[in-house]
Amino acid sequence: MPLPFGLKLKRTRRYTVSSKSCLVARIQLLNNEFVEFTLSVESTGQESLEAVAQRLELREITYFSLWYYNKQNQRRWVDLEKPLKKQLDKHALEPTVYFGVVFYVPSVSQLQQEITRYQYYLQLKKDVLEGNLPCTLEQAIQLAGLAVQADFGDFDQYESQDFLQKFALLPVGWLQDEKLLEEAAQKVALLHQKYRGLTAPEAEMLYMQEVERMDGYGEESYPAKDSQGSDISIGACLDGIFVKHKNGRPPVVFRWHDIANMSHNKSFFALELANKEETIQFQTEDMETAKYVWRLCVARHKFYRLNQCNLQTQAATLNSVRRGSSSRMSLPKPQPYAMPPPPQLHYNGHYTEPFASSQDNVFVPNKNGFYCHSQTSLDRTQIDLSGRIRNGSVYSAHSTNSLNTPQPYLQPSPMSSNPSIPGSDVMRPDYIPSHRHSALIPPSYRPTPDYESVMKRLNRGMVHADRHSHSLRNLNIGSSYAYSRPDALVYSQPEIREHPHLASPQSAHYPFNLNYSFHSQAPYPYPVERRPVVGAVSVPELTNVQLQAQDYPAPNIMRTQVYRPPPPYPYPRPANSTPDLSRHLYISSSNPDLITRRVHHSVQTFQEDSLPVAHSLQEVSEPLTAARHAHLQKRNSIEIAGLTHGFEGLRLKEETMSASAADVAPRTFSAGSQSSVFSDKVKQEGTEEQGSGGYSHKKSLSDATMLIHSSEEDEDLEDDSSREHAVSEPRLTAAFSQEQQLNYPCASVTPVTGPLHIFEPKSHVTEPEKRAKDISPVHLVMETHQPRRHGLLTPSMSESDLTTSGRYRARRDSLKKRPVSDLLSGKKNTVEGLPPLGGMKKTRADAKKIGPLKLAALNGLSLSRLPLPDEGKEVSTRATNDERCKVLEQRLEQGTVFTEYERILKKRLVDGECSTARLPENAERNRFQDVLPYDDARVELVPTKENNTGYINASHIKVSVSGIEWDYIATQGPLQNTCQDFWQMVWEQGVAIIAMVTAEEEGGREKSFRYWPRLGSRHNTVTYGRFKITTRFRTDSGCYATTGLKMKHLLTGQERTVWHLQYTDWPEHGCPEDLKGFLSYLEEIQSVRRHTNSTSEPRSPNPPLLVHCSAGVGRTGVVILSEIMVACLEHNEVLDIPRVLELLRQQRMMLVQTLSQYTFVYRVLIQFLKSSRLI
C-alpha cells in the first residue's frame, strides 16, 4: 500500500533496542576472555564490577576494579560510583572495559579466596609480560618457569617442550631477539622439570611471592613536573607516594603516615606533610589528570591506612570476633589483609573468613519453608573419600596436600544469575578451560557443562573419584558453591543429628560428609555422584527443592521449583546468628549484652538494609526456642556450662541455674550501712516487672546482632559440656526469660565526708542517689581460685548501649552523610573507636592469666551478687603511696575493676533531659545522635541568627578537691558547620586552654574538623563568623603538640591568647601504652593552666579547661577523671574512682566510655604513684 505524500520507508525484519535504555558492557578479564553484560545506562561502575565478581564467583573484590583507555591512550580507572556509560562516552577511546587489580597487598599470602589468588596471579603475570613491571633476564626466566608449571602442569605430561616456543615467556620488549628467546626457552624447560610436582596454586603462589620482592611492585605512575620544572614520574605504591626523577636523581617516597592531606588545584597536585608543616606541589598535564591522580592517591591512602590498622589487630580480632560462628576452628598461619567494607558501597568490601568452609548441614523444620539452617563445623576439613571439598574442586590423591590449609569460606554466585546477562564462550557446554593442565582440578568458578552433557557422562559410567579429565572435573556441582552457597537469609544452626534416617550409608560411616544439599529442606539420601545436576545458568535457588523421591528426573525438579528474582551479590555477613543463642542458652532474644563489647567489629556490615533480615530472624528463632529435644547432640555450641570452664573455676551449678529472675534482684544491706543502688526501685517480692523509671535494656534483633565467642579451652571439654548443658537447659529458661528485661546494678558510692564535692543538679537527684551519699563503698576483692557458687552471671551493659533512642537516621537529608553513631550505622567500632576484643585478650596464654571476673566482664557478664562487706577494701586517706599503689594493682590483678566499672550508671536514670539537644534544628550540630548534653549542664551560647537556641554539644563539669575548684567543659570534636559555635563558646566562656585528645582523622574517618589554621601554610589565619584565629607557634613534644593561637573578636578588636594542647599518641584502638607520656601531657596542661591563671584577668581567675575528642565522652572523660584523681592523690584525699566517675556522668553522659579506658585510668594512677616515690 503506497504511503501518502510519496513517503518511502525502509522495510527490515529486525529492530534495534534504543541505546538510551540499556548498555552492553564488554569487559575483558585477566585471562584475555571477554564477557558481556546487559546493564542499564544508569548502572554504575560498581554494578559492573559486581557482575564480573558474580561471574567469577569472587568475593574479595576490594582489590579489583575496572579500567579503560582514554582518548590519549592512557589507562584510567573507572569511578565506581558514577554511571559507567557516561564515563565511557566522555573519556574512553573504545567501549571495552578491562578487569584488573587496583590495590596491591604487601604479601599475597593474605589473600584468602583461591579465585582471588588466581586472578591476582594473572594480573602480576600480565604486568611482567607487558613490561609494566621491569625485571632482569634471570628474574624473567625464573618467573616463566613457574608460570609454565602453573599453567601446564608437570613436564612429563608432554612428549617435548616444543610448545614453550609458542608460549609467551618473556616481556614484550625482548620478543624481537630470537636467539635470546631460544636460550630462554631452554632454561625455562629445565626449570619446568625442576618444579615437577608443584600444584597450580603452589606454583602461582611462588610466582606471586617472587614478583612481590621486585622493584616496582604495586606501583602506578604518571608524568608530571616538580617545582623546578624537572620531568618526573609521580604515583602511588605500597608505602606511599613516590617521585622518580628522570635526570638520575634517587627516587623519593612520601610514606602514607607522613601525608596529612592531598589536594588538587587546576593542573597542580599537592601533598601536605604532617611532620614538616609544608606543602609540596607537582604539575600534571592538565586539570583532569591532576584530579584523577588525586582521586587515585586518596583511594590508595585510605585503603592502606585502613588495612594498616586492621593488620595491627588482625591476629587478636580473628582469634576472638571471627570465632563467633559458634564453631571451633584453627586459623591459618597467614593473617588476612582485610579491609572493612566501605559503607557507601554495597559489596565493595573484603569480608575475611579465614577458616575452612566445611559445613555439616542440618535441616530443622521451620514455618516459612524457604530457608534452612546449617551448622558450620570447622574442627576438620570437609572431605569425602573422593577428595571433594566444599568449593567444588576434586583433588587427586597426590594433590590433597593443599587441603591442609583451610580454604576460605566462599559465597560465590552462579555462572550467570541474571536473565539479562547473555551467554558467551565461557558458558558453552563444550567449553574446556585451556589455562590449566595439571593434576589440580579447577574449582567451582570454572565453567560447568549443562545438564544434558552431565547425564550422558553419568550414564556412560564415567564418574570415578580418581579420574582427572576436564569434563569430569566440572561434574561436582552438588558440592560446588555455585549450588550450595548460602544466600543472605540462611542462618547457621547447631549440628543436630535430628534426621539419622535420612542420611546416606556413606554419611553414616563418615559423619563429616553428610551429603546434604545446602538449600534444600530435606537432605539428599544419595551420594553426590548420584544426585541430579541442574544446569549451570541458573539462580542459586534452583537447588532449593525438596526432593524425597527415589528418582530425580529433571522435569520434576524444574516443575517443583519456585522461581524468585536472582539475589544480588551477597552481603558479607557475620558467620554467627542470633537463633543460635536462642537455641543453646534459652535466653530472650532481646539481650544483645551477651555479645562481647567488640562485637561491632564483627557486625560492621549489619546496616539498615539488613533490618528486615533480623526481623525475619526473630520469626525463625521462635519455633527453635520452643523446641525441646533433650536427646539432641549439640556440638560447637556455646553452652553456659562449657563457657564457665574458661572462667577458672567459676561455675554455674544446678542449684544456681534454678534461681528465678527475682533471685537476681536485690542486694542485701549490711550492718555497716553498706548498700547497693539499683537503677530504679527494686521490688523485693520476686516480681518480674521493673519500675517505670527503670534503667532497663530491651532491644529487638533489628538493633543488634548477638554473638557469643567460645574459648579454645572448650574443645577438650566438649562432651561434658554437652551433657551438663542438656540437664541445665530447662532451669535456665526460668532464670533468663523474665520479660526480656534485666536490672543493671550501678556502683555503690562512698560517703560525702571528705572535701571532694560535685556540683550536682539539685532537681535530678533520685532517692537511690540520695541514699547512696550516706553509704560506704564496696570493692570486689576476690580470690581467683575460689569458685563462686551463689553468683548468677547476668548480661551487663556494654559499650553498645548508648541509648535505644539513638538508633535512627537523622531526619534531614544532609544528615545522611554522617552516621547516628559509628556503632549504630554499622561501622567499625563505637563512638570513640572501640578496640577489638583482641585489644584486651590478645593470646591464649594471656587469657589464662586473667581472673574470672575479668574474663566474665570481657564476655559481657558480671556477678549480680555483691561480695560480703569484709571483702571490700577502701583506699583511705592515711594510706601511703606504696599502700595505695598496692591496692590499685591488686584490683587490676583480681579483676574487680571490671565489675566495678559495670556497676556505674552510664547516664542519668531519667531520660528526656536533653530536650534542647533533641530539637530538630539542633540535630545537625550533634556528631552522634545518642551523645547529648543535659539541659541543666549544657553550655549555653548567646543566641544568634544562625543558632537561635544558643546550642552546642558541650557540658559544664565542676569538681572541688580540697577546696580547689576544677572547672571543665567537655565537648565533641567540632564539625564543619559548628566551628563558629565552637569559637563563640571559647570566647564567651573565657577558655584559655583547649585539650584535644584525638587526631583529626583516624582510620580514614573524621574525628574532628580542623578548626585552627596550620603553621607555615600560606593561610595561617582563618575566620569563623566574628572571630579570627591565627597560629603563632607550634612545639612538638613527642606524644603531644603545643600550639599558640591568637583569637581576635572582629567587632570589638579584642584579642586573646588560646593554648591548644593536642595529644597525638592515642592509638586508634585501645589506649596509649606510654603511661609516662600521658602523664607528661597532664603535667603540660597543669603547667599551662598555672601560666594562664597567673596572667588572666581578675574577673576570670580560673577559666574552664576545654577538653574534646570525637564524641566528647571517651577520651575526654579519661583526661578529666585522671586529672581529678591525680589531684586527690596530691592532696591525700580519699581515692574513690567509681564514685567520682558516676558523679561526672551525672553532668555528661557516658564519660570514660569503654572498659579499657577505665582500666587505663588505674594504670595512670599506678604510674603516678610509682613516679612520685622516686622524687
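Backbone N, Cα and C define each Cβ position, glycine as well.
The substrate site recorded in Swiss-Prot comprises E1068, C1109, S1110, A1111, G1112, V1113, G1114, R1115 together with one of Q1146, Q1147, Q1153, Q1167, namely Q1153. Note on Swiss-Prot: of 663-702, 783-822, the range annotated with the feature region 'Disordered' is 663-702.
Of the candidates S160, S358, S637, S915, Swiss-Prot marks one as phosphoserine, and that one is S637. S710 is the residue among S424, S710, S722, S1017 that Swiss-Prot labels phosphoserine. Within the list S711, S728, S1008, the entry that Swiss-Prot describes as phosphoserine is S711.
Site extent for substrate: the farthest pair of Cα atoms among E1068, C1109, S1110, A1111, G1112, V1113, G1114, R1115, Q1153 sits 16 Å apart. Here the domain 'Tyrosine-protein phosphatase' (897-1168) has a mean pLDDT of 90 out of 100. Each residue contributes its Cα atom, and for Q1153 (substrate binding site) and C1109 (active site, phosphocysteine intermediate) these two points are 12 Å apart. Listed binding-site residues: E1068, S1110, G1112, Q1153; maximum Cβ neighbour count within 10 Å falls on G1112.
When Cβ atoms from all protein chains are considered, those within 10 Å of C1109 (active site, phosphocysteine intermediate) total 29, not counting its own. Counting Cβ atoms from all protein chains shown, G1114 (substrate binding site) has 27 others lying within 10 Å of its own Cβ.
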